[in-house]
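To keep things clear, I will list the structure first and then write my remarks on it.
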Amino acid sequence: MNFKSPDTQVRPVGRFAPSPTGPLHFGSLVAALGSWLMARWRGGAWKVRIEDLDPPREVPGAAERQLATLRAFGLEPDGEVWRQSRRHEAYSEALARLLAAGDAFECHCSRADLASAGGIHRRCLRGPVPGRRPAVRLRVTEGRLGFNDGLQGRFEQDLAREVGDVVLRRADGYWAYQLAVVVDDAAQGVTEVVRGADLLDSTPRQILLQRKLGLPTPAYLHLPLVLDERGRKLGKSLGALAVDADEPWPALRAAWTFLGQDPAALPRSGDPAKALERALPWFQPARLPSSSRPVSRIDAAKTRKGQEPGHEPLA
């Protein structure tokens, strides 16, 4: 493992940024705990940001429930919880800078227009359409862009060939994730991004955006994913069970163990926040697994029924 914040003289700042599309499930807990441990282990701050930029997909009350669940598991954020729905002005300013520099452009292409190119936008295939608002895209002319991930190692991507011009604002007017996450990570002073490996291939385009906007690039570490029995990412779209905030210990200990840590270092009862603080000196980043692994539906259900899943820690 090779992971450190870009400036070792600056206090580390990590973050967890869920979307309010449902309750936190076990995979979410693993990502939250992993980011908390990496930041707090070195005396850093841990921030939480609600990524509520897609109202059609949001579930009423989900954000409040997510925050309550984090606190029930002892994961208390430092400072104010940010909500992206209140950050439109910041995104507008960033987009205006990109447009003024010629790094972004309006695009009238639909998904159907891009289907023959695998959904990758390399040039506009359609002119303005009366009554249709254009999307705005980042102009991608760069070839390969890579970075050293703290857990997954070197990762490179040919942005022009594999990604194409990146959407910054959708045709329906909603802000795209890639722009918002880059603007907010910089605004919150985030020095390290610890998140799931499903976002590994989003990182090069985020680094490109950081460079275009003159923003700092944090260190990145992508944790292995929690998979279901069929090898699919455990998530809300697959009906993953919510973790039980009323009985946090089984899921908390399961997440600690999933992250490769010694089960004996974390208590089985008591106040989760105090227990995590006591366990911090025993946290070993070198034990973090790099490969995703399955958790059976039976084991996932046990995290809600006062039982611990029966698996050994990963070295």
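For all residues, glycine too, the Cβ spot is worked out from N, Cα and C.
TrEMBL entries are annotated by machine, without manual review.
According to TrEMBL, the residue from TYR174, TYR177 that belongs to the L-glutamate site alongside ARG15, PHE16, ALA17, PRO18, SER19, GLU51, ARG195 is TYR177. TrEMBL lists motif ''KMSKS' region' for one of the ranges 203-207, 233-237, 293-297, namely 233-237.
The motif ''HIGH' region' (18-28) scores a mean pLDDT of 94 in the predicted structure. Each residue in the motif ''HIGH' region' (18-28) gets a DSSP state, and the totals come to 3 helix, 1 strand, 7 coil.
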